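What Swiss-Prot lists as domain 'ClpX-type ZB' is 3-56, and the listing cites sequence analysis. Among the features that Swiss-Prot reports, Zn(2+) binding site is placed at Cys15, Cys18, Cys37, Cys40. Swiss-Prot lists Pro119, Thr120, Gly121, Thr122, Gly123, Lys124, Thr125, Leu126 with the feature ATP binding site, giving sequence analysis as the kind of evidence.
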Amino acid sequence: MTKAASGDSKSTLYCSFCGKSQHEVRKLIAGPTVFICDECVELCMDIIREEHKISFVKSKDGVPTPKEIREVLDDYVIGQDHAKKVLSVAVHNHYKRLNHATKNNDVELGKANILLIGPTGTGKTLLAQTLARIIDVPFTVADATTLTEAGYVGEDVENIILKLLQAADYNVERAQRGIVYIDEVDKISRKSDNPSITRDVSGEGVQQALLKIMEGTVASVPPQGGRKHPQQEFLQVDTTNILFICGGAFAGLEKIISARGQGTSIGFGAKVADPDERRTGEIFRQVEPDDLLRFGLIPEFIGRLPVIATLDDLDEKALVKILTEPKNAFVKQYVRLFEMENVGLTFTEDALMAVARKAIQRKTGARGLRSILEGVLLDTMYELPTYDGVEEVVVNAEVIEGRAQPLIIYAERRDKGGAA
């Protein structure tokens, strides 16, 4: 659509989709009575590419191949190549098993639930969420720390299946092919080596309660949630084909693994092991069932999680990529917020590195990146709507380190100053 700017000899053209003028964009393409800018064209291409990736060319089994699953995971999760490969193969095999369950009964394929082990903020939950989106199945996240044994204050394990059922709009058949992610599973480790001291209702007791639904049982789920009572009607959900992914940071597990691998050596030639010599993620790759047993998981629970995927620590380079590259990257989100005020936002390269360093120092991983950016931009976002003529805000390393305020560039006078 064409709009005339008052006082101009020529009419100014505007994008029919985003409303930006021809002076604000690189290119404006004309069509019959409409115009579209290069930015909107790029956005449309992103949407088409995304839909094309999600609606896969399926393998002959009707399930995305491991490589196709991996390609989509790469769009959302930076790094973690080993974990992506393990998860892609496990999920492909799981849904291939479901599709072939009724075709040939000679060999019964067992369910392979997955255990994700990795430091906090490395992408465990995001990986599970993305997998569910790729396969297009119901997905729910449960917090293991809120679960207790039946009969005690807290959530019953059946509430996990209720959440999955709600995610499937109470379609039982769809829910029975869904994915459940149980977070903080390391927090339900056995609290004491001696089980006779006291009843461990939130540790070993929860592990025992989870065994049946993870292996496969017909769970009686109260539709409204809450505790069961005799007069209540129940929905019957078969958990045999539900894929369970358990995740946790497993703080301290690396010491158990290192102690097993060190052995004993003495003499002048003996190598003295430095605990900081290897990154936590590297040590996790050597995990064995015995290590998880020593950590506090019971043998039966470990047996229900045959596939183990370990995640690596995120270094500075990986954190900078997380800030800028994914479709929903934090920097892109803040740039879009500032665009809504018609203001540009620029982070210098050294600023991004400073954010990454601060996240590593705090040991929060990718989870801490947003809070760092929020703290840095808080004053600017507070004052910005009241400013006139601001064209751009620039953030450098000094701003991230707290030694300066963001640089504010004005459109007309090009004045520079700090945010109040």
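Yeah, the Cβs are placed from backbone N, Cα and C, and that goes for glycine too.
DSSP assigns Cys37 (Zn(2+) binding site) to a strand. Figure note: comparing Cβ neighbours within 10 Å for the binding-site residues Pro119, Gly121, Gly123, the maximum is reached by Gly123.
Taking Thr120, Gly121, Gly123, Thr125, Leu126 as the binding-site residues under consideration, the smallest Cα distance to Cys15 (Zn(2+) binding site) is found for Leu126.
With the fewest other Cβ atoms inside 10 Å of its Cβ, the least crowded of the binding-site residues Thr120, Thr122 in this structure is Thr120. Listed in sequence order, the residues Gly118, Gly247, Leu311, Gly365, Ala366, Arg367 complete the 8 Å Cβ shell around the ATP site centroid, once Pro119, Thr120, Gly121, Thr122, Gly123, Lys124, Thr125, Leu126 themselves are left out. The most crowded of the binding-site residues listed here (Cys15, Cys18) is Cys15, judged by how many other CB atoms sit within 10 Å of its own CB. With respect to their backbone Cα atoms, Cys40 (Zn(2+) binding site) and Lys124 (ATP binding site) stand 33 Å from each other.
The separation of Thr122 (ATP binding site) from Cys18 (Zn(2+) binding site), Cα to Cα, is 35 Å.
A separation of roughly 37 Å, to the nearest angstrom, links the Cα atoms of Thr125 (ATP binding site) and Cys37 (Zn(2+) binding site). Of Pro119, Gly121, Gly123, Lys124, all annotated as binding-site residues, the residue with the shortest Cα distance to Cys37 (Zn(2+) binding site) is Gly123.
Sequence-ordered, the extra residues of this chain that approach the Zn(2+) site, with Cβ no more than 8 Å from the Cβ center of Cys15, Cys18, Cys37, Cys40, are Ser16, Phe17, Gly19, Lys20, Val25, Leu28, Phe35, Ile36, Asp38, Glu39, Val41. Most buried of the binding-site residues Cys37, Cys40, Leu126, judged by other Cβ atoms within 10 Å, is Cys37.
Taken residue by residue with DSSP, Leu126 (ATP binding site) is part of a helix.
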